Amino acid sequence: MNSNKDTLGQAILYHLPMVYLINGGLLVLTVGLFPNINKQSVVTVLIQVIQHFQKRNVQIVLLKDVAEKIGYPELGCSQQDMIKKITVGLTIGGDGTLLNTAREISAMGIPLCGVNMGRLGFLTEIELPDLNASLDKLIDRKYQIEEHLMLDAMILRQNRLIHVSSALNDVVISKSGVSRMIKFNVSLDNVLTANYAADGLIIATATGSTGYSLSAGGPIINPLLKVMVLTPICSHTLHVRPLVVSEKEEIKVEMTGNQEDVVLTIDGQTVYSLIANDTVLIKQSPFSAQFIRLNNRSYYETLRIKLWRSEKNANL
């Protein structure tokens, strides 16, 4: 009799959603999928991911329009409801998809992992040959979480706050089109640090140090370090060099002179116009990006495998 009850109990548990014991309570694993739906190859992988999660009885949600487009309307919901429901986020695309999603969900403290469908995938964790095994690790909670610094960038115009954005990689102030070099002052904690004449300025996190900042001559910084790096773009002053500062410091960039066609770019994805006498404040965000790490691979091994892979292939 007891044996039958045990068997029945096991059968019921098998068909329940995957749950975790958190501080003595049950937390249902609900994965939010964030695909770059513009690529057909992503759709194929997305369906594979959905089917794998369903076999493991994991709850899945997608944005309503995406769910309907791929033939799974029952999984769709609004963005607001999606962020409330999910306990883990999974991007399917490149680094850009992961950056965009991190800005959307970081305030909720939702851990995030990425499936690489891009060219480099330096920030993404899962490669296609390891997809199913990696998804199983995710389901079984065989991972660690890394906290990555995020920035808040604020535009002040005539001492009035007109815009706030969060960034994971970098905040870039640069000229647009064929405009001349721009001039600006930079202060740290209200102490004037430098006067710049350059094509622009990159304020990057350690996570973003391997992006645009690196191309402009900035240093590579371990992403677990909570620092910011100020990297000038084509500076017209030889003594101005990249500067690494504490995450506790507030960076103030004041546009000087008659500036035209100057823009503020967040993570290379969203752009805002600046005018003469605008001030941009950059400081540590109260929220951090929570990245899931499924592998024991060190950051420096990732550098060797991913960042310098294209250089190696170019020399073959």
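Don't overthink the numbers, they just go from 1 along the chain as shown.
For all residues, glycine too, the Cβ spot is worked out from N, Cα and C.
Positions annotated as transmembrane segment by TrEMBL: 12-34.
Long-range Cβ proximity for T210 (NAD(+) binding site), meaning a same-chain Cβ under 8 A and a gap of 6 or more residues, is found for F122, I220, L303, L307. The annotation NAD(+) binding site is assigned in TrEMBL to D95, G96, N169, D170, R180, D199, T210, G211, Y212, S213, L214, S215, Q269.
The active site, proton acceptor annotation in TrEMBL covers D95. Secondary structure from DSSP puts D95 (NAD(+) binding site) in a helix. Residues near D95 (NAD(+) binding site) in space but far in sequence (CB under 8 A, at least 6 apart, same chain), listed by position: G114, G118, L120, G121, F122, L123, T124.
Note on the binding-site residues N169, Q269: the fewest other CB atoms within 10 A surround the CB of Q269. Sequence-distant contacts (6 or more apart, same chain, Cβ under 8 Å) of L214 (NAD(+) binding site) comprise I220.
Residue annotation for NAD(+) gives D95, G96, N169, D170, R180, D199, T210, G211, Y212, S213, L214, S215, Q269. The furthest Cα pair among them is separated by 31 Å. Every protein chain shown contributes to the tally, and the Cβ of R180 (NAD(+) binding site) ends up with 13 other Cβ atoms within 10 Å. The number of other CB atoms found within 10 A of the CB of Y212 (NAD(+) binding site), across every protein chain shown, is 21.
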